[in-house]
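Taken from TrEMBL as is:
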TRANSMEM  A:18-36  transmembrane segment
TRANSMEM  A:56-81  transmembrane segment
TRANSMEM  A:109-132  transmembrane segment
TRANSMEM  A:144-164  transmembrane segment
TRANSMEM  A:176-198  transmembrane segment
TRANSMEM  A:218-240  transmembrane segment
Amino acid sequence: MTLGRVLMMEMMKLKRSYVWLLMCVAPLLMVTFGAYNFVRYQDVFLQGNAVPWEKLLGQIVTFYGLLLLPLSIAVMAVWLARIEHSENNWKYLFTMPVNLKSIYITKTIIHIGLVGLSMVILYIGTIGAAIIVGVGNIPYGTTAVNVLICWITCLPILALQMILSIKFPNIGIPIGISLAASITSVVITNSAYGKYYFWSHPSLTLIPNSEGMRNLTIPYSLTISLVAFSCIMVIGYRFFRKHEA
Amino acid sequence: MMNKDVGETLVATKDLTKKFGDQYSVDHVNLEIKRGQIFGFLGPNGAGKTTSIRMLLGLMKPTEGEVRLFGQTFHKNRIDILRRVGALVEAPSYYRNLTGFENLKLSSKILGSSNARIEEVLGIVRLSEVSHQPVKQYSLGMKQRLGIALALLGSPELLILDEPTNGLDPSGIHEIRQLIKRMPEDFGITVLISSHNLAEIEMIASHVGIIQSGKLKFHGTMEELKRDQKPRVEIKVNNLMGAKDLLRQQDVQARIVEDMLLVDQPTDTVSAINRKLVSNGFEVFHLVESVKSLEEIFLDLTGKEGAI
């Protein structure tokens, strides 16, 4: 199958290139900070009938979902496009007997996989922190589902960042747009408009219900993310096909 | 392999045109390259060579006109065409974090080439010894050779090389030229090589296309290029102005260049011109019928500003 062979080729290109470690470091960093913060201000957090697990989770995912996750998605897209922008590689790639669609799809698959890696590490890290800190009951299942949904809500962001990174060899543009979108999401996520803003979805999905911001249902998140992702992919591929090397 | 359809047209363009804004980068170019040729695509920098090549490879869409490779168009048979073509456009492509071998290996995933073939092309471009070093440690010449190895990897029928000797040192240039010369006979590969260097094309090409400001000025064999040029007559006499006037009265147009009288389009024989001068009392002490050098032909075709 062609796609499999193209995927092997694309994976080989990443050898001895360690930018993907960011996808491991970013969630681990937030888990560490979140757990530290939770332990330090436990007395404040656990007033009244607060649920310890939810407070810990809130500490970990709020900043991560709003800023670090979208930004790391942008960095990965830049990286995946950059290996082709440098050294004249689009030209060579486009003279290979391979469908342009396969190239575009495999790059996106790797991108999705890298975000998935982040999600897995976030999940394991959060559970680990919860056990170490000792928050009592841990909802393993619900958390796993939320992390999975969060992964899917990342798809439109990821597809958009890929278009920008391929279109603009200058990394300032995709990263700048990502930063602006993430910062805007800090405001929007807290408002009623959060459900219409893609950059708000990952954090809205991860943040525990008790924080009162969560107004997304699972079917809504899934539908809007997958539909948007498909549309952006189609548009992205049209751009990609017209890309002159 | 070599004798497969000799004379089959591998590359044909019809009124190939590319406009950037109002500027014609390539202006109604008609190329025809047949199997077994080494086609030299010659022109000064910025004449439209790379743009033409990018259109030949489907990297860029023509504004007007058509490209056919192996009789097929990119619109319908992109993958079939590219399977039979190896290319090096402008600078070599490579992934710097990988070794030379790994760079070939990843292309082999698509081309279906074996490890033995990878070793073979590394041998052809003499990179076997450094094949397990990261490409970022390679010299420019080695990267260029890796680019050629990548182009050869899929055993193409047509090799398109855009300025392959650019930036190489003299021994590297020599080596790549020798390699290209072997292609048709040793490997059955037809070659299109672009260059701004006339001497290079003269050394390796069987056929030549000369492009200037996007227009194709000449298309044919090297012999035809030389044959088309009439010889001119160089004369040294004691009185240049007087001799020029005399010849003009006799309907022979001459011009004075430094200490010589040049007749560019002689209508008379050399001896007739000589007789006219001598019988009118001029002292002729130099009379030569000279054939233009290729360099002069090239400069005439491309204009002096195209001088390298």
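A Cβ is built for glycine as well, from the same backbone N, Cα and C atoms used for every other residue.
Given the structure is predicted, the values throughout are model-derived calculations rather than measurements.
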>> Which residues of the chain, 6 or more past the ends of the transmembrane segment (A:18-36), have a CB below 8 A from one of its CBs?
In response: 56-57, 59-61, 63-64, 68-69, 72, 75-76, 79, 114-115, 117-119, 121-122, 125-126, 128-129, 132-133
>> Within the same chain, where does the transmembrane segment (A:144-164) have neighbours whose Cβ lies under 8 angstroms from its own Cβ atoms, ignoring anything closer than 6 residues to its ends? I mean 6 or more beyond.
In response: 65, 69-70, 73-74, 76-78, 80-81, 107-108, 111-112, 115-116, 119, 122-123, 173-174, 177-178, 181, 198-199, 201-202, 205-206, 218, 221-222, 225-226, 228-229, 232-233, 235-236, 239
> Which residues of the same chain, at least 6 past either end of the transmembrane segment (A:218-240), have a Cβ under 8 Å from a Cβ in it?
Replying inline: 100-101, 103-104, 108, 145, 149, 152-153, 155-156, 158-160, 162-163, 166-167, 195, 198, 201, 205
